[in-house]
Amino acid sequence: MLKIIDLGKTEYQEALEIQNRIFERKLTGEDQDNYFFITEHHPVYTAGKTTKPEHILNTEDIPVYYIDRGGSVTFHGEGQIVVYPVLSLKNRISVKRYVFTLEEIVIKTVKEIGINAYRKDRLRGVFTDKGKIASVGVKVSKGVTKHGISLNVNIEKRYFRRIIPCGIWDIPVCNITDFVEADIDKIKLKLIKHIIKEGRKLV
């Protein structure tokens, strides 16, 4: 069964513990369900496995979590929708295909509100003509996934100036509200619709 669970606003540690608990249960076969956890985080930086010291400039009093996902450092905060799929992928679905599907969820969501978004060669995430609107960083072990994707709705971009987001020096971060007026709860509903449609192809 595919379950969509809205955690509301969370501290990063809380959401990480939920993911890890379900992830371990799925690895052992104790949990046969598949989950998309949705949240907004209180301010936090997360640093993936390719983070270099020069990618973190000055995070001041905001915590930094070094975690086991792909990618470099990013910021999470209010005004950003974060989606954590904890899934058992169908046989033969590659990590590349899985990431493609997560990106597709975002591309189709923002297309509904008139934003043209796309992928870039050799980069993960979703981009627009005004900058990067969504980041992707995942871990897949024995076909089970964790971590995920974050979509910027109206997040405070100043926090991204304290890091080199995703290790990309020359592409700014952008919000949905750089293009159109947007209510985060309405965007979330559109996102969930595409999560259900695309997510069923993965499990």
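Cβ coordinates come from backbone N, Cα and C, glycine included.
Annotation comment: Swiss-Prot describes 30-203 as domain 'BPL/LPL catalytic'.
If you look up Swiss-Prot, you'll see Arg69, Gly70, Gly71, Ser72, Val73, Thr74, Phe75, His76, Ser135, Val136, Gly137, Gly148, Ile149, Ser150 marked as substrate binding site, on the strength of sequence analysis. DSSP assigns Arg69 (substrate binding site) to coil, not to a helix or a strand.
Residues annotated as site 'Lowers pKa of active site Cys' in Swiss-Prot, with sequence analysis given as evidence: Lys132. For Lys132 (site 'Lowers pKa of active site Cys'), the Cβ neighbour count at a 10 Å cut-off comes to 22, with all displayed protein chains included.
The Cβ of Cys166 (active site, acyl-thioester intermediate) has 24 neighbouring Cβ atoms from other residues within 10 Å, across all protein chains displayed. According to Swiss-Prot, the active site, acyl-thioester intermediate annotation covers Cys166, on the basis of sequence analysis.
Between the listed binding-site residues, namely Phe75, Ser135, Ile149, the fewest other CB atoms within 10 angstroms of a CB are found at Ile149.
The maximal spread of the substrate binding site, taken as the longest Cα to Cα distance among Arg69, Gly70, Gly71, Ser72, Val73, Thr74, Phe75, His76, Ser135, Val136, Gly137, Gly148, Ile149, Ser150, is 16 Å. Neighbour density at the Cβ, taken as the number of other Cβ atoms within 10 Å, is lowest among the binding-site residues Gly71, Gly137 for Gly71. Ser135 (substrate binding site) sits 8 Å from Cys166 (active site, acyl-thioester intermediate), taking the C-alpha atoms as the reference points.
Calculated from their C-alpha atoms, the gap between Arg69 (substrate binding site) and Cys166 (active site, acyl-thioester intermediate) amounts to 12 Å. Comparing the binding-site residues Arg69, Val73 on other C-beta atoms within 10 angstroms of each C-beta gives the minimum for Arg69.
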